[in-house]
């Protein structure tokens with residue numbers, strides 16, 4: 001009876017939290033960088049353009065087409081709010097399926113209430129991410145759907161293998177960091193279900209991939225696809241985001257405060273005995289890292305905690321595999337989940353595995369099942385879990401690149417019908433209204449430089465450029481092409497003053513962010529100015545067009 005009551009309570013809380021995100025959190029904040037990155041491309045697709053042919057895009061395209069579906073089917077009034085709600089629901093679905101997958105793989109080891117695990121995974125994974133369309137979250141969703149289908153049977157049938165192959169490919173085609181997902185599934189299927197099943201999966205995967213390549217060749221060209229999706233990132237950036245950041249990149253002093261807690265813990269945890277063997281050393285290291293990660297959560301350092309927890313799970317699974325080599329296949333779902341989490345962390349910006357905290361938490365729950373059973377106290381776990389949930393959700397009180405909640409009181413319905421139900425701060429709304437008046441004055445042949453890629457979606461216009469976010473990483477290393485179009489007499493450039501004056505996350509050297517915007521500022525003819533924009537039209541000087549030099553972010 002107690003289990004039934006707990007299920008009812010936790011299940012109700014899970015759906016209540018989803019409702020809070022959808023009805024409350026989704027409304028607050030509207031920043032003009034990352035929020036509009038994917039919508040700017042999906043808006044083009046919804047209007048009949050083809051990726052790589054009509055516009056440049058540096059990643060595989062599945063998330064663009066997936067998000068374009070919602071632009072087609074959701075009502076225009078309040079559409080972007082409903083898109084955010086949809087993405088919150090999809091994220092919750094991903095968390096639900098991840099927990100269901102683990103309870104299918106490890107029915108005896110998951111002792112905690114599954115709905116409680118879903119709540120923890122959902123809130124920690126989201127933090128203050130406001131659920132705008134994003135490749136990482138879509139790639140994660142598709143990978144977890146594949147994981148769930150795989151977990152349904154110990155011997156997958158043909159249709160299941162087809163579905164797994166499809167969603168694996170969809171995941172890998174969201175961004176380059178998910179390219180390893182199909183390979184990971186291939187090894188796990190062979191290891192758990194045999195070579196025959198693995199060969200069938202591989203055949204279906206290759207078939208879907210060939211269909212994708214045929215589609216690319218038909219709508220654009222394989223040359224354009226490879227040209228735009230390769231060569232954008234330094235190997236150094238991969239080395240850091242995929243490996244070194246897990247070990248050495250912890251710049252905040254507060255991160256090391258929990259080390260005091262760890263030091264105290266070590267005095268009590270480690271027995272006074274002779275030197276530890278490698279297996280016990282790895283196990284103890286995993287435990288220490290887990291306590292370290294938990295301690296970081298109480299300082300609201302969830303991003304760093306996700307890395308430490310990932311290391312803890314990695315060391316724990318390695319020690320288990322070494323100890324029990326004959327049962328290697330038992331740990332394969334955990335290894336696959338850690339691969340998915342690692343894929344989420346390969347990024348030049350948000351380089352943390354936090355988005356798949358659910359998978360990391362579930363892996364730890366299985367790997368440390370014996371230790372957790374020894375110390376389990378329901379009241380203590382509920383108290384600690386509740387504190388962590390409150391601290392994690394509290395980060396939403398300052399949405400990404402926005403003012404605190406207390407300053408978000410200006411509705412955006414009069415900026416655009418699509419932005420109805422969204423709320424921002426005064427200066428941001430004034431800037432959007434300023435832009436709206438400029439479009440009314442100068443017409444639809446406008447360019448907002450360098451940011452606000454979502455402008456044309458917001459105001460129901462069509463971009464005259466092959467790129468909308470005019471940063472050095474988003475123009476296919478070809479600023480000359482962009483500038484020649486911008487310099488035409490019929491086109492008007494609205495240069496953001498915030499770019500020149502400085503804004504959150506802006507580079508000190510503005511040319512490292514956008515050589516195009518700097519060139520426009522120095523060489524185009526200024527014809528007008530408002531509080532938030534400088535308006536340019538045609539070239540005034542004839543300096544050589546800039547060249548983008550690929551630089552590491554580290």
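Cβ coordinates are placed from backbone N, Cα and C, and glycine is handled just like the others.
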(request) From the ranges 224-242, 281-299, 300-318, grab the one TrEMBL calls transmembrane segment. (result) 281-299
(message) Of the residue ranges 177-195, 405-423, which one carries the transmembrane segment annotation in TrEMBL?
(response) 177-195
(request) Select from 243-269, 432-458 the stretch of residues annotated by TrEMBL as transmembrane segment. (result) 243-269
(request) Output the single range from 12-30, 115-134, 140-170, 281-299, 375-395 maximising the number of Cβ pairs under 8 Å to the transmembrane segment (81-103). (result) 115-134
(request) Mind pulling out the one from 115-134, 140-170, 177-195, 328-345, 352-369 with the most Cβ pairs under 8 angstroms to the transmembrane segment (281-299)? (result) 352-369
(request) Sort out the residues at least 6 away from either end of the transmembrane segment (328-345), same chain, that have Cβ-Cβ distances under 8 Å to it, and list them. (result) 98, 101-102, 105-106, 136, 139-140, 143-144, 147, 151, 177-178, 180-181, 184-185, 187-188, 191-192, 241-242, 245, 307, 310, 313-314, 317, 320-321, 351-357, 359-360, 362-363, 366-367
(request) Could you tell me whether the transmembrane segment (140-170) and the transmembrane segment (201-222) have 3+ CB pairs under 8 A, leaving out pairs under 6 positions apart? (result) yes
